[in-house]
Amino acid sequence: MGSEKKFITVAELREHNKAGDLWISIQGKVYNVSNWVKEHPGGDTPLLNLGGQDVTDAFLAYHPGTAWQYLDKLFTGYYLEDFKVSEVSNDYRKLYFEIAKMGLFEKKGHGTLYCLTCVALMLSIVVYGVLKSESVLVHLVCGMLLGMLWIQSAYIGHDSGHYQVMSSPKYNRVVQLIAGNCLTGISIAWWKWTHNAHHIACNSLDHDPDLQHIPVFAVSSKLFNSITSCFYGRKLTFDPVARFLVSYQHFTFYPVMMVGRVNLFIQTFLLLFSSRNVPHRAMNILGLLVFWTWFPLLVSCLPNWPERVMFVLASFAVTALQHIQFCLNHFSANVYVGLPNGNDWFEKQTYGTIDISCSSWMDWFFGGLQFQLEHHLFPRLPRCQLRNISPVVRDLCKKHNLPYRSLSFWAANASTIRTLKSAAQEARDLTSPVPKNLVWEAVNTHG
């Protein structure tokens, strides 16, 4: 005699939303991930952020079909009783399964091979130019070429972090460590830690680390209330120093981006030498040792200190293009405070992202991330497929009256500077730490 199904309500599921008592539901079935959170390949942050909710859309977005086999052992025996799937979620899931049926998740093209070849070629030219030429101009060009190498290498690390670009997880991890740690000096472990949180809580002021740049930048006056970062576990204090810096952020944005790489180096070291549980810590540290061996050694081969400084600054200046691009994709989009809601996955991504329109021959330069919304909706989709699904995503947004923002590179820069300037003007109101411009708030902070 078969046992009857057991049900719990959405309200009851919501009570299991903290470490040690963490439940989620996927397609109506309820799972206990309290212990699994420690083993989750994507880290604990995504599960903690979505605990106590239905996470079907996010699960589909991030996991290949092989991940379903791990769910049975986590099943609680309960089904979700009163959960209703929104119309937009239904359409999103249909589109996901259509893409999967067409095999687009597996059709990776040869982008990684081309990028690896270009990176190897650029590295050879840089080393040759530094060692064999005495021309200052050649050394300057080599520094700039090194910056371009870092950009393309970062895209390889990004791709391999989202989907398997190699034949096995082991080789994929090797590519990540080479492209990230060894070539750019930025730990793939740090990137995964912050990037997964960013995707899950896209543009949440207190959960998305990519918007938490106090005291240097503030994209919303809500940050003036010294909110607590749930990601870093500390208060983002808006003190007089932060007020001063933010007041001029629309002027300092590009200069700061020029040396933004230094902050990434610092963040990498802070994580790897922290008490946090860092996957493959030893390999990440070893990869950094490789970078901090070849890069200073290469710089030391230049004939004098002025040229060395010029070389480093030139490489940093070029990589600023990539740092700026990442900001363009999100800084002037809508933001919110609080946890993401699993049932409005599609909506949150549309409100929090901005695409950069460009010709197909420029796709290599943006690494596929000019299709930011498409990437957020289908993060496992190879970059060569993003342009193909863009029209379908645009139509789906139109059907549900959701924003699909695609701006030129220059228009996106102007939009970002306007957002920074608006927040700067709010920060200059020294009479009250609480912003009074409700129109600005409505336009810029509510999704």
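Keep in mind that glycine also has a Cβ here, set from the backbone N, Cα and C atoms.
Per TrEMBL, these features apply:
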type: DOMAIN; residues: 5-89; note: domain 'Cytochrome b5 heme-binding'
type: TRANSMEM; residues: 111-130; note: transmembrane segment
type: TRANSMEM; residues: 136-153; note: transmembrane segment
type: TRANSMEM; residues: 253-273; note: transmembrane segment
type: TRANSMEM; residues: 285-305; note: transmembrane segment
Beyond the flanks of the transmembrane segment (285-305) by at least 6 residues, Cβ under 8 Å: 126-127, 130-131, 134, 139, 177-178, 180-185, 187-188, 268-269, 272, 311-312
Within the predicted model, mean pLDDT of the domain 'Cytochrome b5 heme-binding' (5-89): 91
Helix, strand and coil totals (DSSP H, G, I; E, B; other) for the domain 'Cytochrome b5 heme-binding' (5-89): 33 helix, 22 strand, 30 coil
